[in-house]
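S.K.: According to TrEMBL, the protein has these features:
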- Lys68, Met69, Lys70, Thr180, Asn290, Phe291, Arg292, Lys309: ATP binding site (BINDING)
- Cys116-Cys159: disulfide bond (DISULFID)
- Cys123-Cys146: disulfide bond (DISULFID)
- Cys129-Cys153: disulfide bond (DISULFID)
- Cys211-Cys221: disulfide bond (DISULFID)
- Cys255-Cys264: disulfide bond (DISULFID)
- Asn178: N-linked glycosylation site (CARBOHYD)
- 29-50: transmembrane segment (TRANSMEM)
- 334-357: transmembrane segment (TRANSMEM)
Amino acid sequence: MKIRFSDLLSDFLFEYETPRQVLVKNKRVGVVCRLIQLGVLVYIIGWVFIYEKGYQSTDTAISSIMTKMKGIGVTNENGTARIWDVADYVFPAQGASSFVVMTNYIMTEGQQQGTCPEPQANCTSDTDCKGGTFKRTGHGQLTGKCLTGVRKCEIQAWCPTENEPKTPDPALLMSSENFTLYIKNSIAFPEFKVSRSNLVEDVNITYLTSCIYDPKNNPLCPIFRLGDIVKLSGFQYADIAKEGGGIGIVIDWKCDLDFPVRYCKPDYSFYALYGDAQKTDSTQSSLGYNFRYAKYYMENGTEKRTLIKVFGIQIDILVWGEARKFDIIPTLTAIGSGVGIFGVATVVCDLVLLYVLPKRDLYKNMKFKHTEIQEKKPASNLDDGNTANEGKALDMFMHIYILSRFSCSS
């Protein structure tokens, strides 16, 4: 038992096994094999290394955004001129990556706490006005009284109630088309210890004082005209200014750090998020974007407010960043997986040889060696010599036959 274990250990350590190969001379099989190998090679080089850049490791960006609007608007309602600056038409205050620029509005002035008719509640008697309740689209709490003179329920609310005329058309702040938006974006790729800003090497103070973003002529300028943003997103400015809407600005950083970092530059794109840019659905019940806010003040000791229904363009700025750089580990992984795929050619050719070609039985006999284990029987020295000679002759015959008939590896 000890000797047998020693022999097994010796065989394991000091013997090398190699698969048996059969050389098959067949044009069809050879062409199929080479075509498959060529396809695998094209996949590895073209897709894995060139298109997918499988030899590089990646890192995603962390970023910050600062924004600033500039521009002065003028409106003239009922003969009253009003000046609007950034403190009036930007919500919330400057600096956020998501904000609203007011382009149209409906204003209700001089509201104060009291009682007044509810435009949304018709009545003929007090029984039609249940006290302490609210109308879903109403302006205040019902008092339980019916104002028979106007046939409306009385409410406790900010009075007079909000004016709800037809939305002004054209928009009152059409001059907002010429407002400008300045975007300052900083990103970092922690894994590669690289930081960048959209104020790249070509953008200096002199350039900023005169540039306006243009996809062809000034693609790196971080100052955008509001009308151009709307146009590039697919909207018509007059439509979105009237009812409001949403626009997304995407700053895309795709950086190959195998090249100098100065080539890592942002790319801007603009998308219509909502507002019915193409007017494909005229049955929509809610178009655009609006909200309300109020300005409070005191008059003769009474608190009053001016209520403004704002129609505006909501701008959301998003940053996508990815950096790539050569790394030996993904490179070796890609090469190893590619080499493994080359085995597909062998599998396909074996299937053709063993199951498709007319001489498949012959190929099976050449590829597979069948061994039968039999009990040993005592024999004379003469029989042993004859058996050995017959075995040598058979091996020589097979060797000559294989070399003369076949030549493609399987």
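Using the three backbone atoms N, Cα and C, a Cβ is placed for every residue, glycine included.
Annotations in TrEMBL come from automatic prediction, not curation.
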S.K.: Can you give the largest Cα to Cα distance in Å, as a whole number, for the residues Lys68, Met69, Lys70, Thr180, Asn290, Phe291, Arg292, Lys309 that bind ATP in the record?
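M.R.: With Lys68, Met69, Lys70, Thr180, Asn290, Phe291, Arg292, Lys309 as the binding residues for ATP, the largest Cα distance is 24 Å.
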S.K.: Give me the non-local Cβ neighbours of Cys129 (disulfide bond): same chain, 6+ apart in sequence, Cβ-Cβ under 8 Å, ordered along the sequence.
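M.R.: Set apart from Cys129 (disulfide bond) by at least 6 residues yet with Cβ under 8 Å, we have Ala121, Cys123, Leu142, Thr143, Gly144, Lys145, Cys146, Cys153, Glu154.
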S.K.: Taking the Cβ of Asn178 (N-linked glycosylation site) as the centre, how many other Cβ atoms fall within a 10 Å radius?
M.R.: 14
S.K.: Considering only the binding-site residues Lys68, Met69, Lys70, Thr180, Asn290, which residue has the minimal Cα-Cα separation from Cys159 (disulfide bond)?
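M.R.: Comparing Cα positions, the closest of these binding-site residues turns out to be Asn290.
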S.K.: Rounded to a whole angstrom, what is the C-alpha distance between Cys116 (disulfide bond) and Lys309 (ATP binding site)?
M.R.: 20
S.K.: My understanding is the cutoff is Cβ-Cβ under 8 Å with a sequence separation of 6 or more in the same chain; which residues meet that for Cys211 (disulfide bond)?
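M.R.: Counting only residues 6 or more apart in sequence, the Cβ neighbours of Cys211 (disulfide bond) under 8 Å are Asn218, Cys221, Ile223.
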S.K.: Spatially, and counting Cα to Cα, which of the recorded positions is closest to Lys309 (ATP binding site)? Options: Asn178, Cys255, Cys264.
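M.R.: Smallest Cα separation from Lys309 (ATP binding site) among Asn178, Cys255, Cys264: Asn178.
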S.K.: Give me the long-range Cβ neighbours of Lys70 (ATP binding site): same chain, 6+ apart, Cβ under 8 Å, in sequence order.
M.R.: Val86, Phe179, Thr180, Tyr182
S.K.: Which of these recorded positions is closest to Phe291 (ATP binding site) if you go by CA atoms: Asn178, Cys255, Cys264?
M.R.: Asn178
S.K.: Might you list, by sequence position, any residue in that chain lying six or more from Cys264 (disulfide bond) with a Cβ less than 8 Å away from its Cβ?
M.R.: Val194, Arg196, Trp253, Cys255, Asp256, Leu257, Ala323
S.K.: When you measure from the Cβ of Arg292 (ATP binding site), how many other Cβ atoms are you left with inside 10 Å?
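M.R.: Around Arg292 (ATP binding site), other Cβ atoms within 10 Å: 12.
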